[in-house]
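Colleague: After the structure tokens below, expect a handful of questions from me.
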Amino acid sequence: MMPNDPTASGPGAGTVADGFSRTDERTPVNGQTLDFTYNDGPSQQPFETDQSEGYGSGIDSHLPNPSHPMLQQTHEGEFRADHGDHPPIGITKANKLFAFCAALNSCNLGYDIGVNTDAAMKLQNSMDLSDTELEIFMGSLNLFAMIGALCAHAISDRFGRRGAFIVAAVGFIFGVMLQALSPSYGTLMFGRVFVGLGVGFGLAVDPIYIAEISPAAHRGQLVTWSEIATNIGIVLGFMSGLIFYNVEEDLAWRVMFAMGAILPAIMIYLAKYVMPESPRWLVSKGRENEAKDVLRRVYPSGYDVDVIVEEIKESMEREIAAEHAVGWDMILFPTPAFRRMLLVGIGTAIGQQVVGIDAIQYFLVFILDESGIKSRVAQSFILIFLGLIKLGMIFVAGYLFDTKGRRPLMFTSLAGMIVALVLTSINFIGDGHSATLGVVAMGLYLSFFSLGMGPGAWLIPSEVFSTSIRAKAMSVATFMNRVAGTLMTSTFLSTANAMSWSGFFLLLAVVCLVVMLFLYFLLPETKGRALEDMSTYFAEITGDRSILEVEETLARQVAEEEPNPNEERDEIETTPAATIPHEDAHVVGTMA
């Protein structure tokens with residue numbers, strides 16, 4: 001019998017599409033309730049049989065593609081039958097090394113945040129800057145990072161991911177040295193341009209590279225390493241303030257800035273001599289043998305990497321065909337599937353910043369000062385303490401993203417942040433500010449941010465965008481993330497002083513609630529899904545006919561090329577659904 005035969009009873013039989021709906025429920029199919037956390041809502045039509053075009057099969061008619069019987073289901077993970085009899089994939093040492101090297105690039109942004117948090121008051125006093133000038137200096141990093149993010153896709157697609165890492169590091173080194181040696185505010189801002197460009201390049205390419213060298217089963221954990229590295233950089237920046245707390249202010253902030261050139265110098269060496277190129281980029285350039293060599297290093301010994309290369313090629317072929325089918329303006333005028341991808345990926349990236357994280361981190365010293373903590377030494381120790389708490393929570397998030405899923409962690413993260421912001425708002429009511437409550441509330445805010453919104457805002461965009469638009473869409477997502485960060489950071493002090501600190505933090509709590517509702521209605525669960533499945537997965541969710549028809553056409557072409565289709569068909573019909581590997585029980589969408 002066919003795998004989707006109505007009489008089948010295995011885990012792949014009569015399954016329902018694993019999309020997202022606010023009416024998600026476990027829908028009975030074929031008289032049984034399937035054990036899926038999400039599906040595409042209640043069935044509108046009964047399960048029926050479609051004998052059209054010679055393909056007799058059971059069709060779950062409420063699916064978005066009942067007229068495409070050739071299409072196979074998408075899967076969670078790489079443990080499909082076409083990968084052979086492989087044990088669960090572990091993380092190899094090489095995979096960890098390459099992910100670590102890529103994540104190190106994010107330390108640059110983290111160090112800039114940390115060092116500016118502590119150096120802001122020193123810089124303001126040394127150069128006699130106004131609040132507005134300081135806000136512009138802080139917020140401009142995000143502004144210039146937007147430009148770097150928009151250019152990143154052109155460089156990473158043309159010269160490879162490693163080339164983009166080198167460009168980012170060179171820009172960062174040049175920028176921080178200009179800042180450290182600047183005699184005036186104008187020179188300081190000129191150096192800020194190059195620091196921002198370097199940050200933008202890095203933010204766009206880091207998660208893409210890690211996602212493209214990582215097995216789907218561990219992608220969530222490894223991509224969060226970028227956020228871990230960012231927070232390590234933040235802690236290092238905080239520590240530099242403690243090291244130079246007793247140094248004259250004009251010299252202290254200059255040395256603290258100059259130390260930011262160390263990490264990008266290391267990054268240049270790693271990108272040139274240690275890190276391999278992304279296998280997906282190599283395949284896109286026709287360098288399949290090199291791609292296989294890289295895949296053999298990041299997958300367990302003996303794994304059939306030829307299958308993975310073929311999947312990458314097939315995915316690119318499908319998406320190129322889909323791009324031709326819907327035109328070249330896939331980002332400006334997207335089909336339903338690509339529109340959903342863009343809304344989820346870009347919306348999540350924007351959400352990370354509008355909850356106030358960059359603004360709060362850059363002006364954390366001002367918040368502590370407003371809470372009654374005036375000592376520079378005490379402020380430095382508290383900054384390091386908060387930074388370590390935030391860092392520790394990311395390790396927890398890296399594990400939970402791959403075990404509990406993306407949606408639960410994002411919601412938990414936002415709920416905790418709302419509580420922390422409300423407590424901060426209460427603390428700033430009146431004149432009796434509590435230093436203890438202020439520190440506890442900020443600790444909660446940073447901890448819950450790192451549990452979901454921090455790493456998730458880069459993990460989700462890096463995996464939901466299909467290969468054909470991934471580099472460009474990731475650049476747009478990073479660009480919009482930096483736009484939001486610029487607006488928040490450049491207006492933090494002015495807004496807080498204008499509407500009161502209590503009112504400002506209450507407003508941030510409301511924004512967190514809005515972001516939570518956005519994700520509740522639009523974010524699908526992508527835990528464990530192969531990157532090559534994303535375009536079809538989103539087509540399933542949205543009922544995007546243009547994508548599904550391309551998939552159907554390709555499936556028919558493959559079937560026509562089979563030397564013995566009838567023999568193959570008989571073999572499939574005699575294969576019990578129960579013999580599907582255990583991991584394949586996580587089939588989450590039937591392309592019936």
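Using N, Cα and C of the backbone, Cβ positions are placed for all residues, glycine too.
TrEMBL entries are annotated by machine, without manual review.
Pulled these from TrEMBL:
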type: REGION; residues: 1-72; note: region 'Disordered'
type: COMPBIAS; residues: 29-54; note: compositional bias 'Polar residues'
type: DOMAIN; residues: 98-527; note: domain 'Major facilitator superfamily (MFS) profile'
type: TRANSMEM; residues: 136-156; note: transmembrane segment
type: TRANSMEM; residues: 163-182; note: transmembrane segment
type: TRANSMEM; residues: 188-210; note: transmembrane segment
type: TRANSMEM; residues: 222-245; note: transmembrane segment
type: TRANSMEM; residues: 251-271; note: transmembrane segment
type: TRANSMEM; residues: 342-368; note: transmembrane segment
type: TRANSMEM; residues: 380-401; note: transmembrane segment
type: TRANSMEM; residues: 408-429; note: transmembrane segment
type: TRANSMEM; residues: 435-461; note: transmembrane segment
type: TRANSMEM; residues: 473-493; note: transmembrane segment
type: TRANSMEM; residues: 499-523; note: transmembrane segment
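Each of these features: where is it, how hidden is it, and who are its neighbours?
Modeller: Confidence annotation: the domain 'Major facilitator superfamily (MFS) profile' (98-527) carries a mean pLDDT of 87 in the model.
Sequence-distant contacts of the transmembrane segment (136-156) (same chain, at least 6 residues past either end, Cβ-Cβ under 8 Å): 112, 116, 120, 123, 129, 163-164, 167-168, 171, 185, 188-189, 192-201, 203-205, 208, 281, 353, 358, 362-363, 471-472, 474-476, 478-479, 481-483, 485-491.
Within its own chain, the transmembrane segment (342-368) is flanked in space by residues 113, 116-118, 120-121, 138, 142, 234, 331, 334, 379, 382-383, 386, 410, 414, 417, 421, 424, 435, 438-439, 442, 445-446, 449, 453-454, 456-458, 460-461, 464-465, 473-474, 476-478, 480-485, 488-489, 491-493, 508, 511-512, 515, 518-519, 522-524, which lie at least six positions past its ends and keep a Cβ under 8 Å from the stretch.
With a threshold of 8 Å between CB atoms, the same-chain residues lying at least 6 positions outside the transmembrane segment (380-401) that come near it are 114, 117-118, 220-222, 224-225, 227-228, 231-232, 234-235, 238-239, 241-242, 245, 364-365, 368, 373, 409, 439, 442-443, 446-452, 454-456, 459, 527.
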Colleague: Under 8 Å, at least three CB pairs between the transmembrane segment (435-461) and the transmembrane segment (188-210) (pairs 6 or more apart)?
Modeller: yes
Colleague: What residues elsewhere in the chain lie close to the transmembrane segment (222-245), defined as a C-beta under 8 angstroms and at least 6 residues from its ends?
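Modeller: Counting only partners 6 or more residues beyond its ends, the transmembrane segment (222-245) has Cβ contacts under 8 Å with 91, 95-96, 99-100, 102-119, 206-207, 210-211, 214, 252, 255-256, 259, 263, 361, 376-377, 380-381, 383-384, 387-388, 390-391, 394-395, 397-398, 401, 450, 454-455, 458-459, 462-463.
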Colleague: How about long-range neighbours of the transmembrane segment (408-429): same chain, 6 or more residues beyond its ends, C-beta under 8 Å?
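Modeller: For the transmembrane segment (408-429), the far contacts come to 348, 355-356, 367, 370-371, 397, 400-401, 437-438, 440-442, 444-445, 447-449, 451-454, 456, 500-506, 508-509, 512-513, 515-516, 519-520, 523.
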Colleague: Is it true that the transmembrane segment (163-182) and the transmembrane segment (473-493) have 3 or more CB pairs under 8 Å, sequence gap of 6 or more?
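Modeller: Output no: the transmembrane segment (163-182) is apart from the transmembrane segment (473-493).
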Colleague: Quickly jot the same-chain residues contacting the transmembrane segment (473-493) by Cβ under 8 Å, restricted to those at least six beyond its ends, or write none.
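Modeller: Same-chain contacts beyond the ends: 131, 134-136, 138-143, 145-146, 149-153, 200, 203-204, 207-208, 331, 341-342, 345-346, 348-350, 352-354, 356, 358-360, 362-363, 366, 457, 461-462, 465.
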